[in-house]
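S.K.: Below: one structure in structure tokens.
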Amino acid sequence: MTDKIQPAGVGRRNFLKTTGAAALGLGVTGFPAVLRAQSAKVKIGLIHPVSGFIAFSGNQCREGALMAIADLNAAGGIKSMGGAQLEAMLADSQGKPDIGAAEVTKMAEAGVDGIVAGYASSISLATSQEAAKTNTPHVVDVGVSDKIVSRGLPNTFRFGPGYGKIAEFAVANLDTINKAAGSPAKTAMIIHEESLFGTGTAKLLSAKLPENGIEVIDVIKHANPTRDFTNIVLQIKSKKPDLIIPANYYNEYVLLARTMRQQRVEAMGIYSVLGGAASNYKFVKEFPEAAENIMDCNHWFNPKSEIAQARKAAAEAKGLVYTYEVFLAYNAVLGLADAIERAGTTDKDAVNAALAASTMDMSYMPYAPTKMVNGQNQGAQPVNTQVQNGDIDVIFPQEFASAEAIFPMT
Amino acid sequence: MPDINILIPSVLNGLTTGALYALVALGLTLIYGVLHIINFAHGALLMIGLYAVYFLNVQFGIDPYIALLIVPPAMFALGYALQRGIISRAGHGRDENILLVTLGLAIIIENLSLFVFKSDTRVIDTPYSFEVIELFGAFLPLPKVIAFAGALITATLLWLLMARTDLGKAIRALAQEPKGAKLVGIDTEHVFAMSFGLGIACLGVAACLLLPSYYVSPHVGHGFVLIAFTVVVLGGMGSFVGALIGGLIIGVVEALGGLFLGESLGQIGIFLIFILVLIFRPTGLLGHKV
């Protein structure tokens, strides 16, 4: 501390001290330019429901996204920014849209460069809306609601398919499978979870299935979590549908499948649309008999791609079950990093523009070439899988198929 | 309107589900109904019991029903230690403190579980997981029928303990007149901890009977704890038979509510009962004013 009062203005000595320090600073930070760039970090916000009722899926997403960041960093980071490394900022939405949105606000204040979120449709809607306020680039990893990309938000992108396309595929492929077997299935019951994903999917299917000659005899909605599915299964038994179509999250799917087996439900087919467990190795491993021959229309990787198989092996080596959450979140980070790479900056407008112009090669997925329209990748599509002999096989489209469909299953 | 043919299976299923609720509520009726401790950690402690049963099965191949010899005594010890070591010390005998302490415990236990076990949903596969018993045209899962019998036996044992043993008398004395109990030489700290331990041991029994037909995850307790409080209030504070009947009623109401109102609205029946009981019979079905 000093009691001396400094005269107004800048004295000669002070001027020299200040400019000298500034020059020294410039010298350190300004040369060499590559070194300065390498110290910069690109902050990627990862917001997932790692606690709460969909915590399993949220954690799977986080793991997938972190794997992508680690792989990108190991491959030299963002090369157009002097090899800038990606840095993950983690947040938990607890399965609640409002908390997800609050985490976006916090991340924006902390200088996040782009966000990958938020697994569930309802959470993705909230996080992308909040990110739009600061124009922060936001890539939705899983959330399938088509509302996410139909609000005209310039910062919101999705590399995976939405449920409009998935329902369209599911119905068309079911029609093909049914016709190939002589059209034995004429009725269906839809069992769906109560949030945006399940309700929206059920609504689309209810409208589209009758167009292909399949009558929807009942649609049953259930809460998350549901402790007991016996009532629902009793109703299925009573109405005897040819097809049972579940659209729900993992825990509920497992309980439903177990109860159907316990109550000896006999149907021609269980044909899930975005079934939480039907395309999940964990379910197949734990309940091989309950899972056998269940079909699903869901996100999946290209089984014929070496890159996809290598990523699956890497995830399994880490002890992860290679579910769609893992590879969709991985892809979302790749898409965002690819845009930053092409933009050569973390400027938000530039990154959003690069995302909108993305043509990223995604041949490790069963997709057509990447093309963004209003933030949605038009090339994205689901596939049909079926559990056969304790493994998950792709049965449609033909070009990615690793097995023929088994239908009817009884 | 649902098919009449599924009404009987639905009611029978409601009874078996209700027995599971009763099992979880039996411990709570001892802790909350008799000792007036609002134990928010009840669900979290059930989760610990379920993990114990899970790991005994997966690591050592111990059947969940054999685990009845291990888990309930271990849970008793845990409950006793929690009451003496944490709840009693931090609560200072004030209800609001105890409430916050148990809430804090619940948060700590759940988050630690999330950290240690991750959020994976885990299930066990036993030879009888998919076995069913056919009764009046209904297929009742064998594990649920066993849980039903287990709930009846546990309720009877607790009733006998409270009615016929010195410990039971001491617990009742403590519940009715804590100062008087102290004056006649009852070690109130010990009896409090014994009661809490017994309540948590009941969760151990519930965990052993529940896991063959259910799953465990760090948040599994959430689905049960509110229902358990409802069962305790419906049955009557401190009444074990009341908790059993309350659990069965809630199970049937939930089943029929789901059938007639749809699965999402079906839960309304449970909480409607809760409100009606509080308005018209605050002491519950078999409760009495203490």
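The backbone N, Cα and C atoms fix where each Cβ goes, glycine too.
Copying in the features that TrEMBL gives for the protein in this structure:
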TRANSMEM  B:6-30  transmembrane segment
TRANSMEM  B:37-56  transmembrane segment
TRANSMEM  B:62-82  transmembrane segment
TRANSMEM  B:98-117  transmembrane segment
TRANSMEM  B:137-162  transmembrane segment
TRANSMEM  B:191-212  transmembrane segment
TRANSMEM  B:224-253  transmembrane segment
TRANSMEM  B:260-280  transmembrane segment
S.K.: Other than its close neighbours in sequence, what residues sit by the transmembrane segment (B:37-56), given a CB gap under 8 Å and a spacing of at least six beyond its ends?
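M.R.: Contacts of the transmembrane segment (B:37-56) (Cβ under 8 Å, skipping residues fewer than 6 from its ends): 24, 27-28, 31, 62, 64, 67, 70-71, 74-75, 78-79, 82, 87, 95, 98-99, 102-103, 105-106, 109-110, 113, 117, 122, 124, 196, 199-200, 203-204, 206-208, 210-211, 214, 216-225, 228.
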S.K.: As a test: from B:6-30, B:62-82, B:98-117, B:191-212, B:260-280, pick the stretch that has the greatest number of Cβ pairs under 8 Å with the transmembrane segment (B:224-253).
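M.R.: Of the candidates B:6-30, B:62-82, B:98-117, B:191-212, B:260-280, B:6-30 scores highest.
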S.K.: Restricting to the same chain and to residues at least six past its boundaries, which positions have a Cβ under 8 Å from a Cβ of the transmembrane segment (B:98-117)?
M.R.: 37-41, 43-45, 47-48, 51, 82, 86-87, 90-91, 218-219, 221
S.K.: Is it the case that the transmembrane segment (B:62-82) and the transmembrane segment (B:191-212) touch, counting contact as three or more CB pairs under 8 Å in which the residues of each pair are 6 or more positions apart?
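M.R.: Contact confirmed: at least 3 Cβ pairs fall under 8 Å.
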